[in-house]
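Undergrad: Pasting a structure below so you can have a look.
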Amino acid sequence: MASLSLAPVNIFKAGADEERAETARLSSFIGAIAIGDLVKSTLGPKGMDKILLSSGRDASLMVTNDGATILKNIGVDNPAAKVLVDMSRVQDDEVGDGTTSVTVLAAELLREAESLIAKKIHPQTIIAGWREATKAARQALLNSAVDHGSDEVKFRQDLMNIAGTTLSSKLLTHHKDHFTKLAVEAVLRLKGSGNLEAIHVIKKLGGSLADSYLDEGFLLDKKIGVNQPKRIENAKILIANTGMDTDKIKIFGSRVRVDSTAKVAEIEHAEKEKMKEKVERILKHGINCFINRQLIYNYPEQLFGAAGVMAIEHADFVGVERLALVTGGEIASTFDHPELVKLGSCKLIEEVMIGEDKLIHFSGVALGEACTIVLRGATQQILDEAERSLHDALCVLAQTVKDSRTVYGGGCSEMLMAHAVTQLASRTPGKEAVAMESYAKALRMLPTIIADNAGYDSADLVAQLRAAHSEGKTTAGLDMKEGTIGDMSVLGITESFQVKRQVLLSAAEAAEVILRVDNIIKAAPRKRVPDHHPC
């Protein structure tokens with residue numbers, strides 16, 4: 001019986017696209033490595049910045065070296081590249097820093113995997129080797145961690161060092177000492193809660209970054225109404241989200257016809273009476289400050305002024321949410337049951353000037369740890385980047401307060417982990433040892449890139465660093481001020497254990513996910529169905 005020769009059958013819809021085997025794997029590697037190459041020049045204390053220009057009606061300009069911000073604002077089409085973008089976003093959400101490191105490490109792992117697959121080593125063999133290497137690296141990192149949580153003086157110094165290390169690679173590096181102090185003082189005010197919502201950051205154009213300061217209490221970027229008290233002590237605050245205009249007729253297309261101007265006056269009088277009744281219901285709460293998410297129109301503003309109540313309108317939603325948190329109040333929208341409404345409180349509300357702008361200052365708030373950091377700067381781009389840099393430092397410090405373990409930076413931890421993985425590879429038989437060696441090489445690429453970005457001879461420096469760790473100098477790292485190998489414990493270059501651990505695990509998992517891919521299927525674009533119905 002003659003054998004039948006079956007032609008390949010296409011099971012996908014017309015327009016669908018499929019990449020198989022080596023083509024799919026190569027496509028994934030190229031996309032991931034390209035993302036790593038894009039952000040690696042921003043790594044380290046001498047990293048460069050990127051300018052991001054958005055097109056369209058609301059075209060904006062952004063100058064940043066924050067890995068998560070860069071990746072979030074570029075559009076990527078490659079599936080593997082999207083995996084790395086999502087991974088950097090998770091890193092930013094989880095620990096706040098290490099977004100560039102995690103992306104670069106994952107890309108370097110895949111670069112090594114590409115050369116191993118070219119040598120006919122199976123992806124599953126590589127993954128098995130990587131998993132053992134990750135365990136060894138994590139254990140080495142754990143063994144090197146130092147915990148000063150029980151010693152208040154040393155722990156504060158650790159926090160100062162961590163904030164300084166985080167800010168070294170940011171725009172704020174030239175004012176590092178000033179912002180390190182601001183960030184540490186703000187986080188220590190939280191008393192271990194780690195609730196960063198209590199730290200409010202306000203950006204005000206003018207002055208220089210060195211003019212930025214930490215303010216006790218809460219600042220609201222609004223003005224007090226006309227003919228209202230400008231200062232209130234022992235404030236009782238009602239925070240609301242309610243319309244302070246008369247209720248409009250809600251029937252679509254409805255109209256009111258009158259046959260005389262007297263009738264118009266009657267309608268206006270009825271509206272005023274209705275608003276007066278609403279204001280009286282609000283005043284029954286026994287308050288001396290009313291803050292509304294929506295507008296407060298002229299008539300109710302006059303009524304509040306006559307009653308000696310400070311009225312603040314159109315407070316932004318985030319500001320209102322945070323104000324409710326720090327004053328201990330709740331946002332109300334109905335006022336029929338005053339006994340059920342939780343009022344906010346603070347010792348003093350007053351109007352203050354920052355630059356040329358008036359703001360409202362709440363001091364002695366119920367949440368004692370609340371504070372505001374006021375950022376000053378010459379341009380909006382500088383202020384935005386300063387806020388991102390400060391956010392990273394605050395997130396890392398909040399993590400360190402929860403888990404006080406620290407490790408050394410400057411490529412020290414990466415070289416320590418690479419040394420442990422290399423030792424494991426030398427004791428491991430078979431092809432998995434080759435995968436472990438590639439893992440160690442990827443880890444060593446991080447100090448290599450840091451040295452390259454600073455303009456130093458990376459081959460020489462990394463060789464010296466590797467030799468130092470082989471001799472048992474476990475605190476040796478890169479000193480990018482002098483371009484030499486230095487003792488990180490003496491230089492105070494410290495990083496959070498949680499950040500380093502998250503970088504290691506996230507990069508290994510993301511690289512493994514991409515390495516497992518052997519097929520990429522793109523769905524057919526959805527076709528628009530013409531509408532033949534008459535209008």
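Placed from the backbone N, Cα and C atoms, the Cβ positions cover glycine too.
Grabbed the feature section from Swiss-Prot, which reads as follows:
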MOD_RES   A2  N-acetylalanine
MOD_RES   S3  phosphoserine
MOD_RES   K13  N6-acetyllysine
BINDING   G44, G98, T99, T100, S101, S168, S169, G410, E495, K500  ADP binding site
BINDING   G44, G98, T99, T100, E495, K500  ATP binding site
MOD_RES   S60  phosphoserine
BINDING   D97  Mg(2+) binding site
MOD_RES   K154  N6-acetyllysine
MOD_RES   K181  N6-acetyllysine
CROSSLNK  K248  SUMO2 cross-link
MOD_RES   S260  phosphoserine
MOD_RES   T261  phosphothreonine
Undergrad: By a simple count of other Cβ atoms within 10 Å, which of S60, S169, S260, the recorded positions in the record, is least packed?
TA: S260
Undergrad: Counting every protein chain present, what is the number of Cβ atoms, excluding its own, within 10 Å of the Cβ of T261 (phosphothreonine)?
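TA: So the number of other Cβ atoms within 10 Å of T261 (phosphothreonine) is 8.
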Undergrad: Please give the ATP site's span as the largest CA-CA distance among G44, G98, T99, T100, E495, K500, to the nearest whole angstrom.
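TA: Greatest Cα-Cα span of the listed binding residues: 15 Å.
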Undergrad: 10 Å Cβ neighbour count around K500 (ATP binding site)?
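TA: Summing over all protein chains shown, K500 (ATP binding site) has 27 other Cβ atoms within 10 Å.
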Undergrad: Compute the C-alpha separation of K181 (N6-acetyllysine) from K500 (ATP binding site), stating it in Å without decimals.
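TA: K181 (N6-acetyllysine) and K500 (ATP binding site) have their Cα atoms 23 Å apart.
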Undergrad: Tell me which of the recorded positions G44, S60, S101, K154 ends up closest to K500 (ATP binding site) in space, Cα to Cα.
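TA: Nearest listed residue in space: S101.
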Undergrad: Filter the recorded positions G44, S60, K154, S169, S260, E495 down to the ones within 10 angstroms of T100 (ATP binding site), Cα to Cα, kept in sequence order.
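TA: Near T100 (ATP binding site), where near means Cα within 10 Å, the recorded positions are G44.
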Undergrad: What does the structure give for the C-alpha distance between S60 (phosphoserine) and T99 (ADP binding site)? Integer Å is fine.
TA: 23
Undergrad: Rounded to the nearest Å, what's the C-alpha distance separating S101 (ADP binding site) and K154 (N6-acetyllysine)? Just drop the number here, would you?
TA: 27
Undergrad: Look at the binding-site residues D97, E495 and tell me which residue has the greatest number of other C-beta atoms within 10 angstroms of its C-beta.
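TA: The residue with the most neighbouring Cβ atoms within 10 Å is D97.
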Undergrad: Which one is closest to K154 (N6-acetyllysine) in space, judged by CA to CA distance, out of the binding-site residues D97, G98, T99, E495?
TA: E495
